[in-house]
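Per Swiss-Prot, the features are as follows:
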BINDING   A90, K91, N92, G93, T94, G95, K96, T97  ATP binding site
COMPBIAS  1-16  compositional bias 'Low complexity'
DOMAIN    77-247  domain 'Helicase ATP-binding'
DOMAIN    257-417  domain 'Helicase C-terminal'
REGION    1-20  region 'Disordered'
REGION    459-506  region 'Disordered'
MOTIF     46-74  motif 'Q motif'
MOTIF     195-198  motif 'DEAD box'
Amino acid sequence: MGSINNNFNTNNNSNTDLDRDWKTALNIPKKDTRPQTDDVLNTKGNTFEDFYLKRELLMGIFEAGFEKPSPIQEEAIPVAITGRDILARAKNGTGKTAAFVIPTLEKVKPKLNKIQALIMVPTRELALQTSQVVRTLGKHCGISCMVTTGGTNLRDDILRLNETVHILVGTPGRVLDLASRKVADLSDCSLFIMDEADKMLSRDFKTIIEQILSFLPPTHQSLLFSATFPLTVKEFMVKHLHKPYEINLMEELTLKGITQYYAFVEERQKLHCLNTLFSKLQINQAIIFCNSTNRVELLAKKITDLGYSCYYSHARMKQQERNKVFHEFRQGKVRTLVCSDLLTRGIDIQAVNVVINFDFPKTAETYLHRIGRSGRFGHLGLAINLINWNDRFNLYKIEQELGTEIAAIPATIDKSLYVAENDETVPVPFPIEQQSYHQQAIPQQQLPSQQQFAIPPQQHHPQFMVPPSHQQQQAYPPPQMPSQQGYPPQQEHFMAMPPGQSQPQY
């Protein structure tokens, strides 16, 4: 009898040791020591363990570098786990994606081989990023996630759906197509999530979303997340959500860590001004926004002519090309990305510390989403707006609507406003998997070549003149992105298009 008790006590002690030591065996990344603002620090003091999440999920959370929940995660995760509908409003870059991914992974049953959660996003890039967050946080959970977007092979999606898929991440058009063909069975999908809900319920997508909902069970749970809530979102809430729990963390609309400036310049002097900014600012990575796809390509060509590394991305590019640009910019292989508003929604690249509006946006909503690409997760960032005479009324209107102040740019910008003291702590984004779960590898000869990305020679354009004295100005200061963290030194030969080498496919 004594030996039995001894054995029981020994086993009990060993189990206790295992419970105590499971964290020590995790592969936790280096701590991000950059200063943060109250956007993510103003919490109630809860930890992820306080939510009683399954251990496999906690392992993925900690191995992704998460330490404590942000305010939106603290509010949304426990309520979502109870099964209640949620309407959540929080700033860009405060952890909204994890706020719905974590309860989704907690609620999905790995042994039930059905689609149990549908995550809808407005853009292909955001779908790729969200699916990767699902896979990263849920890597120990035995849960299968599939991403499906327009512009990819429909046959591959159909083949993938013949296998087990627990979580489906996609854009509305492709999801509706698969559901209408009865390829994607949503009859057991008990969780419906919309990220960037304001965009999802705009005229572009509202009808499609309504059709998709008809394929879900009537008792499904709905989670809606966004930074802005126009009237269309409220109408959708009244029609489709059952006694939703409303979260509003928007005391102010802009992130506290972003310092905003404007520079008043003539249109023909914008490139000269941009060149000056490049030489004076300590840029880790920068995103430059234009208002049209033609100006995106033209500006990328002009920046390249000045001797700076530069990629571009816009909606008229092939999906495979956009994927390559997005992947390489996330991995720090180039400092500067010129793009249209394609990348204003939800894209999370924490190494971006400067956003430049080469063309000033027309609406406060667009402005808010653009500048939110810097200062991610409570860190510091810089937003610089190049303003001409015709933009002055929009500048005033946006300041009034957002309740923010955009100051005139000073002669010297304090580096403490946007530069981390130790760039080695800047986290490298989750690596996008070399091949998505539902697409076959593309042979080497089918990859887009450098010529496919090339910009046709441009004639003299009076809007983008650069004084001869500035043509040979020095490029960025010495690279601050540490190579051991996945940010290689700046290359000697610069291009305005991604290299035509074999690259990972999505």
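Note that Cβ sites are derived from N, Cα and C of the backbone, with glycine treated the same way.
Keep in mind that what you see is a predicted model, and the values were worked out from it rather than measured.
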Least buried by Cβ count (within 10 Å) of the binding-site residues G93, G95: G95
Three-state composition of the motif 'Q motif' (46-74), taking helix and strand from DSSP: 17 helix, 0 strand, 12 coil
For the motif 'DEAD box' (195-198), mean pLDDT (0 to 100): 86
For K96 (ATP binding site), the number of other Cβ atoms found within 10 Å of its own Cβ: 25
Number of helical, extended and coil residues in the motif 'DEAD box' (195-198), per DSSP: 2 helix, 0 strand, 2 coil
Three-state secondary structure, A90 (ATP binding site) (per DSSP): coil
A90 (ATP binding site) CB neighbourhood, other CB atoms within 10 A: 23
